[in-house]
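Colleague: The structure is given below, and queries will be raised subsequently.
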Amino acid sequence: MNPDLDTGHNTSAPAHWGELKNANFTGPNQTSSNSTLPQLDITRAISVGLVLGAFILFAIVGNILVILSVACNRHLRTPTNYFIVNLAMADLLLSFTVLPFSAALEVLGYWVLGRIFCDIWAAVDVLCCTASILSLCAISIDRYIGVRYSLQYPTLVTRRKAILALLSVWVLSTVISIGPLLGWKEPAPNDDKECGVTEEPFYALFSSLGSFYIPLAVILVMYCRVYIVAKRTTKNLEAGVMKEMSNSKELTLRIHSKNFHEDTLSSTKAKGHNPRSSIAVKLFKFSREKKAAKTLGIVVGMFILCWLPFFIALPLGSLFSTLKPPDAVFKVVFWLGYFNSCLNPIIYPCSSKEFKRAFVRILGCQCRGRGRRRRRRRRRLGGCAYTYRPWTRGGSLERSQSRKDSLDDSGSCLSGSQRTLPSASPSPGYLGRGAPPPVELCAFPEWKAPGALLSLPAPEPPGRRGRHDSGPLFTFKLLTEPESPGTDGGASNGGCEAAADVANGQPGFKSNMPLAPGQF
């Protein structure tokens with residue numbers, strides 16, 4: 001797609017892929033011959049080559065990172081991300097097979113690889129651009145289903161259906177791009193140093209509609225509907241949550257004077273019936289789908305901003321010579337469309353924390369499988385280690401867990417940052433007898449306890465407390481949960497849960513506080 005195209009003849013072909021014809025000319029209506037070549041400006045060639053080379057390299061590396069992020073992280077292997085990978089593959093193919101030759105044509109000013117390769121190169125250009133926008137069209141439909149039917153989405157959009165949709169994208173792209181290779185084009189020019197896509201009017205109209213304008217209309221309609229549904233659903237879910245919260249009589253923190261057994265029974269009954277659970281599930285799933293729709297909306301918006309100027313300027317310049325933009329402006333518009341290929345790898349980590357973490361792991365050469373082996377070893381050794389220090393101010397329950405799920409070489413205690421949770425102060429009688437050193441509870445290999453509960457004995461009336469000071473201050477049991485497949489890091493893998501029931505030096509006080517790894 002060389003912007004130095006002679007558009008003196010009236011044609012409806014918006015030759016929007018590949019370098020356009022008459023690339024090696026010095027005036028608007030001059031064409032070169034086999035014996036005349038433009039003189040190469042070395043300084044300009046080096047500067048333009050470095051800029052375009054850096055751009056192409058960034059596009060290649062960025063799209064490879066997107067593909068590896070989904071391939072190496074099981075929790076990212078969702079139907080939506082399959083469409084993102086397909087988009088990255090189209091951009092990567094464009095960066096490998098089209099952009100280097102477009103840059104060479106821009107630097108040299110003429111085509112050097114012959115007529116046959118010119119036709120193949122132009123067809124691949126059409127193929128990649130069409131696959132990109134059809135992938136965005138499939139993404140917009142997927143996001144509408146995800147927002148409109150958030151609870152039914154896993155059954156409506158399965159992995160098999162997503163793969164079939166991706167195959168359809170490439171089949172349609174091939175049908176649109178293969179026409180010139182089968183003879184649907186105007187006669188080839190005599191000069192092999194001229195290279196461009198066909199300007200045959202019917203093919204130009206067919207390719208323009210099928211590759212850009214019809215998919216663009218579908219994308220805009222889908223995202224308008226996504227916005228309307230998201231706005232209405234958000235209002236309904238928020239109203240439902242507020243209503244359930246006003247009708248609910250459950251309290252997370254209960255202050256009462258009943259004994260520990262009665263309160264435990266009431267807590268168990270409360271867990272069995274939660275009127276807000278269905279609303280919470282709907283709100284969580286919908287918010288997740290809406291966030292994904294926002295990220296992909298940015299991708300679609302940038303695609304339109306990059307390609308729309310080109311698809312407006314080129315047809316108008318081809319049909320009406322007076323509306324043709326200056327060569328410098330047209331070159332900027334032309335490369336702006338190609339620039340879209342390196343934008344998506346920037347958008348994903350900036351809009352998605354999951355992609356950002358995946359990019360960091362890949363760039364840091366961190367093996368995902370090695371992290372899973374470490375977590376399995378941690379679970380075999382007991383999961384989490386707790387330390388109770390009764391004579392600190394207010395007392396504290398300290399939890400030691402590595403943020404990267406790592407164990408020290410000795411296999412005794414888990415390494416990592418210390419997390420503290422306020423607990424109860426010990427009784428004066430306990431301190432008066434001379435308190436023992438802090439109890440260090442470490443994850444030894446022989447621990448095989450199936451449950452977890454850290455609790456203090458039920459508070460006694462003030463008159464009888466002194467008789468029971470010789471009893472244990474608390475009891476401890478350990479729990480490890482199986483790793484949920486497809487989760488990342490330590491936020492929900494394995495993990496530990498504990499309920500701390502503390503006396504706090506006051507009779508009748510109780511606090512239930514669940515602990516989850518990474519949530520303090």
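Glycine residues also receive a Cβ, built from the backbone N, Cα and C atoms like all the rest.
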Colleague: Which candidate, C118, C128, C129, C306, does Swiss-Prot give as the disulfide partner of C195?
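Modeller: In Swiss-Prot, C195 forms its disulfide bond with C118.
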Colleague: So that I know how the record lays things out, could you check whether Q39 and L76 fall in the same topological domain in Swiss-Prot, i.e. on the same side of the membrane?
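Modeller: No, opposite sides.
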Colleague: Can you tell me the mean pLDDT for the topological domain 'Extracellular' (106-115)?
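Modeller: Within the topological domain 'Extracellular' (106-115), the model's average pLDDT equals 84.
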Colleague: Measure the Cβ-based neighbour count of C365 (S-palmitoyl cysteine), defined as the other Cβ atoms within 10 Å of its Cβ.
Modeller: 6
Colleague: Could you check if the transmembrane segment (116-141) is in contact with the transmembrane segment (46-70), meaning 3+ Cβ pairs under 8 Å among residue pairs at least 6 apart in sequence?
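Modeller: These two stretches do not touch.
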Colleague: Ranking the disulfide-bonded residues C118, C195 by other Cβ atoms within 10 Å, which is at the bottom?
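Modeller: Lowest Cβ count within 10 Å among the disulfide-bonded residues (C118, C195) is C118.
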Colleague: Between C195 (disulfide bond) and C365 (S-palmitoyl cysteine), how far is it from one CA atom to the other, in Å?
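Modeller: The Cα atom of C195 (disulfide bond) is 42 Å away from the Cα atom of C365 (S-palmitoyl cysteine).
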Colleague: For the transmembrane segment (327-351), name the stretch out of 46-70, 84-105, 202-224 with the most CB-CB pairs under 8 Å.
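Modeller: Most Cβ pairs under 8 Å with the transmembrane segment (327-351) come from 46-70.
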Colleague: Return one of helix, strand or coil for C118 (disulfide bond), based on DSSP.
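Modeller: Its secondary structure by DSSP: helix.
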Colleague: Look at every Cβ pair spanning the transmembrane segment (84-105) and the transmembrane segment (202-224), keep those 6 or more apart in sequence, and say whether at least 3 of them are under 8 Å.
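Modeller: No, the transmembrane segment (84-105) and the transmembrane segment (202-224) are not in contact.
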